[in-house]
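First up is the structure itself, then whatever we jot down about it.
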Amino acid sequence: MSYRVTGDAARKARERYELKQAAAEFYRKRNVPERLEEALNSTFCLGPEDVYGHLANYFAQFSMPPTICQIRGRKVLDGSGEPTVEVEVSCTVKNSDKRICSSVISAVSEHPKASEGLEQERNHSADTAIQWLKDLSPLLKGMSPNEQHNIDQLLSDFYQPKIEEEKARRQMEREASPMAIEPVPSPVTSPALGKKKGSGKGKKAVVMEKPIPPKEAPEPVVPGSPAIGALSLAVAKASSVLGKTPLYLHIATLRNEKLPSEFIMPTPMISVLSCGKSSPGKLNLMKEVLVIPPTGLTVQQSLDMALMLQNQIVKQINSISKTGPAIKNVTPLGCMLIGGDRIEQPLDLICEACQHVGLELGRNLYLAINCAAHELMDYNKAKYEALSGTFKSPDEMVDLYVDLINRQPAILALLDPLRKEDAAQWESLTKALGSKCFLFADAASKPVCKLLESADIHNPPCSGTVIKHTNETTVSQLLGSFKLIEGENRVTILGCPCEESVDDSIADLAVGLGARFVKLGGLLRGERSSKYNRLLAIEDELTQAGTLGFWTKHEFPILSDVENLPGPEEVE
């Protein structure tokens, strides 16, 4: 019996010894004794009030880097009340699973907003996006949020079969249903003023007008695609949160090999009026009238100036109203919707407002016009309807813009003055006005992914392209598009779509990417003003850090791909 007791005791002693040895080896491999000794010595020397807090901070630097543990998606509403998807990223941090951040981006449809079935389409896209996120969650599990480019490549690889499936599905639908053949507009004929040679007396000559290029088919939007862009942004935000650095600094480190010593805030293009197709008057040409501050102003000064001008415009509209204060109709772009019967009517209104508040157009502020020409084309007449009942050919539109800029030199930029298909007229317009104002392509430009695939930013020939973070666009693709545009001596603009979400990350993206301009809309909607507020916060941080810089001039780029283009001009 005593032998058995002795044997059990020896076995237990041996097990305890082996356990102690295993524990010692476990900690030795991880250098715990040395680091513990160092931590205790430094804590004693420093004598911090919060001893455990100091020890926690010391050991935190040796913890394993956070890794993604879960991706979740939920359906939310954007600023216009339309369904979209929010992406939430959770990470394993110091052995605990924690929710880190979320992001929402705009879901842009390939169909007009008024099209039937849009609500069902948006709901289907959001539901599909949520399912995609469930599929992506195990693929990203264990990856570090710092692996932005690797994760974006994984997302692009995941998305590519989806777009091929969507193309195949659409092809099958076309083959299964009768083809709807759109009538091709025939060349429009117009009577000449002179008599036709060799014809009977009094007969007028008939002039054949050039047919316009047909409308290009819109790029297919794959249901669920917002999951890709939103997840890419959420990963970038997670990396910045875990690294305890603002998102704009994180984006800047992705863009540059080293952090720049100075940050220049993008110049805001602020929408104040809308006189487009949806406005009550005859004028269709000005979907947005925007103000652009001169260089040298802070974002705060620019917004104060725009707000003062906007309030004065409201006073003027109320003063001429016969029924009391006019109802302030606000578009989804965040600006006032007014009617106009003449092309210069909204410009005259702004000019009068500037005089009342002591601003000089062309010196204290400039104007920009979003023409949205693709919305003005009447394909039956093969002409643009700049004013209701007034139709102009693409060549006549070029003459209209040249005359307008000559009479209104304070106009610094035109956005989408023509359809992207009217390449010859874009070239003519660039030759005529390229040294006087910026000509930007918004809807006339390619989506970011197609822009990178083709590496062609010369069609249409323009001063710059409005880049938007929507649908399947990843952060890496945004970085690539900015590099491409700047490499071709073009101006970079980061913009919001018409239906915008409440996420204010676009402000950080604009600063981190080094955008020359940022187009966020007007000041009259919450989802727009929140982005301006984020710009103000970033500007304040840069001011406190002493790293805020300023643009010195508005300089129009030299477009080498347009022959005989005049040299660049500069304005303050």
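Here the Cβ of each residue, glycine as well, is placed from N, Cα and C on the backbone.
Here Lys468 (active site, proton acceptor) comes close to Ser106, Val108, Val448, Leu494, Gly495, Cys496, Pro497: these same-chain residues lie at least six apart in sequence, with C-beta atoms under 8 angstroms from its C-beta. Following the DSSP three-state reduction, the secondary structure of Lys468 (active site, proton acceptor) is strand. Per Swiss-Prot, the feature active site, proton acceptor maps to Lys468; the stated evidence is similarity to another entry.
The feature substrate binding site is assigned by Swiss-Prot to Glu288, Lys519, with similarity to another entry given as support. Non-local neighbourhood of Glu288 (substrate binding site): Ser271, Leu273, Ser274, Gly276, Leu333, Cys335, Ala368, Ile369, Asn370, Ala372, Leu415, each in the same chain, at least six residues away, with C-beta under 8 Å from its C-beta. DSSP gives Glu288 (substrate binding site) a strand state.
According to Swiss-Prot, the feature compositional bias 'Basic residues' maps to 194-204.
For 181-204, the entry in Swiss-Prot reads region 'Disordered'.
Taking Cβ-Cβ distances under 8 Å and a sequence separation of 6 or more, the neighbours of Lys519 (substrate binding site) in its chain are Pro268, Met269, Leu290, Val466, Ile493, Leu494, Gly495, Cys496.
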